[in-house]
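As written in TrEMBL, here are the features:
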type: TRANSMEM; residues: 12-32; note: transmembrane segment
type: TRANSMEM; residues: 38-61; note: transmembrane segment
type: TRANSMEM; residues: 82-105; note: transmembrane segment
type: TRANSMEM; residues: 128-147; note: transmembrane segment
type: TRANSMEM; residues: 154-174; note: transmembrane segment
type: TRANSMEM; residues: 194-219; note: transmembrane segment
type: TRANSMEM; residues: 226-246; note: transmembrane segment
């Protein structure tokens, strides 16, 4: 079973799974959350957050590799830190995954429903659309992990292409005086206090750790593929985040983010 998984899955699929998990609708809030720190400090915070979350992910991967393939967070935490902390860890992981699942289902339902209404003139119930989307995703996961990784790669590719098409023109219109915050009335003020406000958001923007046990099921204990998936998947997300930050903060003055 493990040998078949290793043959079926290349490192590319793992990269797409990690990047697809990390990059989401929340990235559109990054420029707003980082507006106080602005571009250079914001980029610095993102890089630090990526570096921290990457290494915590690699440490989690190393811990997983010392257990049989298919071992869950519950198995690992119970063995390493005892039953009490395992219960606390299980509650926090379940809470985070529930919030993320709820957010994506409700957001998908609203977006798809609005798209149908705008293009077809038919009003679809957002709740029903969200449930149908969840059933579709669950069906793909039920079929196989390979099908899930391919669907993820397809949608991530479409997301990147549409992102470049829509926002690529901003790249060539960047005003460096805006990017340096030289034209703002608040120019020269300290950006440092805003770092601590933005740091939790940036750390949450690189949350891929829940995928690591699933990657080990896909690849077995092939450390080379697992490490490539984690490193290059999170790095791809960082590059897209920095590109997005550069385009928005190079076109929209810092003061304008107050209204946003």
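Any Cβ shown, glycine's included, is placed from N, Cα and C.
Not measured: the values here are computed from a predicted model.
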Long-range environment of the transmembrane segment (38-61) - Cβ separation under 8 angstroms, sequence gap at least 6: 30, 179-181, 191-192, 194-195, 198-199, 202-203, 205-209, 212, 216, 226-227, 230-231, 234-235, 237-238, 241-242, 245-246, 249-250, 254
Contact check, the transmembrane segment (226-246) vs the transmembrane segment (82-105), 3+ Cβ pairs under 8 Å, seq sep 6+: no
